């Protein structure tokens, strides 16, 4: 069954366009009913990033949850992985993160976590959607059974201690100068504080949110500012988080980008040497570079690919028994520690390797030579451009052009109206020609 509201990562769209107070109210009521358990008072934790619209959506969701008898614990601005962790730690029935992750400030979204801290399955999301479209007046709580809402103090300290416990107790970051870009988002308080507690010399940028500057020319979607700051401050490493801190990219001391594939290579090789891999391999998506696959094969490690989306990576990790997976965009999942992507915890694992080896980050974190990879986006307003016969014919012609010396991936984004066209192969010019053929056909189809 096609889903009406939920995409690959919750519900997401323009605030007061797609994500309205009415929608948030319905999500709160429907999810509250789905996650009621027995007769005791049910609890939901709600976190958010720093978007201006977060206040509006949070208030509407509180109304929805309390109207069906659920108590609400408000966490305030806090990373998405912290919400997942606290949902489980605080024995809540449900967790909510109000965020549009790496999207511009005008967008917002709603992510839901079950009592174990994992994102909801497609089946549960469909149950919630069905209730959202039903008249549930008769299922609202009686006046004496309405829920209560209150703000919870100390949640930042809980997450900081959780993150620090993922490192060996004796490990210190003393001697490391770290620039961290918090994207003016949910991590602006907790991550600089945690790095300082671990002994690092911390320089924070993107840590002055005003409700409208989240992800604006900063964070993991715009790492140039971080690269400049790392060089300016002669830092050892830079950490770039996104708006809700569930993904991370890094910068070496020379100002060069370290993407999610390279981070996975660093962690996988280190964990293999330490005997910490549950199975000899990792899980990635179809977007991961073939260079990573070749590197892992040289280490005797396999690489399982999934569709794009950290939820699909996690599903395969759980199904096949892997404890490390991720995406080139910087979603890194380490199931020994977390139930979802955690940008900061992933960064800590890399910092631990850097400290252990005592070598420059540029030597530690570039483990393989990536194959040339071209990624272009085509935005559309409506319809299904990929079903256009001319587009399909052009994709087939582009694949013939590569002649088995590379690969093409053309897909619709699950979070915004964009077609992503990715090409990869040993011959960059041939790959770019193939990608441009498809982009041109899509652009004509969109205009038509």
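Placement of Cβ uses the backbone N, Cα and C atoms for every residue, glycine included.
Positions annotated as active site, phosphoserine intermediate by Swiss-Prot, on the basis of sequence analysis: 101. Mapped onto three states, the DSSP output places residue 101 (active site, phosphoserine intermediate) in coil. Residue 101 (active site, phosphoserine intermediate) is surrounded by 31 other CB atoms, counting those within 10 A of its CB over all protein chains shown.
All protein chains shown were included, and the count of other CB atoms within 10 Å of the CB of residue 244 (Mg(2+) binding site) stands at 35. Annotated Mg(2+) binding site per Swiss-Prot: 101, 242, 244, 246, in sequence order, evidence recorded as sequence analysis.
Residues or ranges marked as phosphoserine in Swiss-Prot: 101.
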Any further residue of that chain within 8 Å (Cβ to the Cβ centroid of 101, 242, 244, 246) of the recorded Mg(2+) site: 49, 79, 80, 99, 102, 185, 186, 241, 243, 245, 247, 341, 343
Rounded to the nearest Å - Cα separation of residue 244 (Mg(2+) binding site) and residue 101 (active site, phosphoserine intermediate): 5
Cβ-Cβ distance under 8 Å to residue 242 (Mg(2+) binding site), same chain, at least six residues away: 101, 102, 183, 185, 215, 219, 220, 221, 248, 330, 343
